[in-house]
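Per Swiss-Prot, the features are as follows:
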DOMAIN    2-119  domain 'Response regulatory'
MOD_RES   ASP53  4-aspartylphosphate
DOMAIN    147-336  domain 'CheB-type methylesterase'
ACT_SITE  SER159  active site
ACT_SITE  HIS186  active site
ACT_SITE  ASP279  active site
Amino acid sequence: MKIAIVNDMPLAVEALRRALAFEPAHQVVWVASNGAEAVRLCAENTPDLILMDLIMPVMDGVEATRRIMAESPCAIVIVTVDRQQNVHRVFEAMGHGALDVVDTPAIGGGNPQEAAAPLLRKILNIGWLIGEKTARSRPAPAAPRSTASRQRLVAIGSSAGGPAALEVLLKGLPRHFSAAIVLVQHVDQVFAAGMAEWLASASGLDVRLAREGEPPQAGAVLLAGTNHHIRLLKNGTLAYTAEPVNEIYRPSIDVFFESVANYWNGDAVGVLLTGMGRDGAQGLKLMRQQGYLTIAQDQQSSAVYGMPKAAAAIDAAVEIRPLEKIAPRLLEIFPK
């Protein structure tokens with residue numbers, strides 16, 4: 001994989017070079033010391049992946065991510081020495097299309113290969129995404145269920161560009177929205193709690209991490225909060241599970257959407273937002289096959305038109321809408 005490094009700290013650049021050296025297939029094609037230089041170099045020689053720092057002179061990593069995704073799009077992973085201190089910048093960069101975030105590998109002390117493992121694992125997953133691997137087979141649709149209980153659920157999946165898209169969508173809903181909401185965003189569990197707090201502050205809604213064994217409830221927005229998959233069980237409660245182990249991203253949107261299609265006893269809407277790859281497309285199609293309304297974000301409003309495009313390609317979405325039109329549509333479907 002052709003990889004670029006954007007970082008103004010020589011020690012951090014060296015740490016990344018050493019980590020990448022453990023995988024001979026990775027090649028560092030260029031290094032930039034600030035965001036402006038990265039924008040220029042990316043236009044001249046677009047890599048497969050950029051390892052982007054956040055705090056740099058001239059232009060920071062957030063603005064560089066925005067510019068690159070608009071002008072010379074490619075996969076971007078935020079690499080920082082202090083994720084917790086930079087949590088809001090991380091979400092902003094992810095809103096512009098960054099795929100993931102990881103700590104800068106340490107130099108000195110301990111096992112260097114072990115220190116490099118988290119970064120190399122994320123790069124491996126992204127390699128699968130940008131390689132557009134064939135979609136995995138899915139279980140056959142379950143038999144239609146009675147919806148006499150009339151419980152209401154909105155199942156939302158998002159990835160690159162998701163934090164900003166979720167902020168817009170949730171701001172368009174009232175605090176006492178009549179449907180339960182469950183969010184599956186591709187984000188490391190280290191950041192899940194911070195993301196829930198950020199979305200709650202931005203939207204004014206009750207956004208929190210989903211807890212094992214609790215049912216989705218109207219008025220609550222539950223965010224998948226671990227690196228395991230979240231799924232709906234037959235009894236209507238939520239559970240975290242390591243299976244299936246072959247899913248590239250954890251938590252998987254497909255896994256959750258499929259569980260909703262199979263086990264939700266009520267009315268539901270599936271919403272697939274911006275993101276790279278195709279996670280969520282097959283699950284959304286299964287929801288549609290079960291008679292649920294399904295919505296995909298349109299290309300123009302998507303930071304990364306990957307997952308919604310995959311859904312549109314297999315006719316998984318009943319409706320394709322601009323981001324700003326999705327919340328009003330949900331209010332039409334589930335009025336007070």
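Cβ from N, Cα, C; glycine included.
Secondary structure at ASP279 (active site), taken from DSSP and collapsed to helix, strand or coil, is coil. Closest in space to SER159 (active site), of the recorded positions given as ASP53, HIS186, ASP279, is HIS186, taking the CA atom of each residue. The CA atom of the residue listed as '4-aspartylphosphate' is located 19 Å away from the CA atom of HIS186 (active site).
Note on the domain 'Response regulatory' (2-119): DSSP counts are 49 helix, 25 strand, 44 coil. Per-residue pLDDT, averaged across the domain 'Response regulatory' (2-119), gives 92. Following the DSSP three-state reduction, the secondary structure of HIS186 (active site) is coil. Each residue contributes its Cα atom, and for HIS186 (active site) and ASP279 (active site) these two points are 10 Å apart. Taking a C-beta cut-off of under 8 Å and a sequence gap of six or more, ASP279 (active site) has these contacts in its own chain: GLY157, SER159, HIS186, GLU247, ILE248, TYR249, SER252, ILE253, ASP254, MET307. With a 10 A radius on its CB, SER159 (active site) counts 29 other CB atoms from all the protein chains. With a 10 A radius on its CB, ASP53 (4-aspartylphosphate) counts 27 other CB atoms from all the protein chains.
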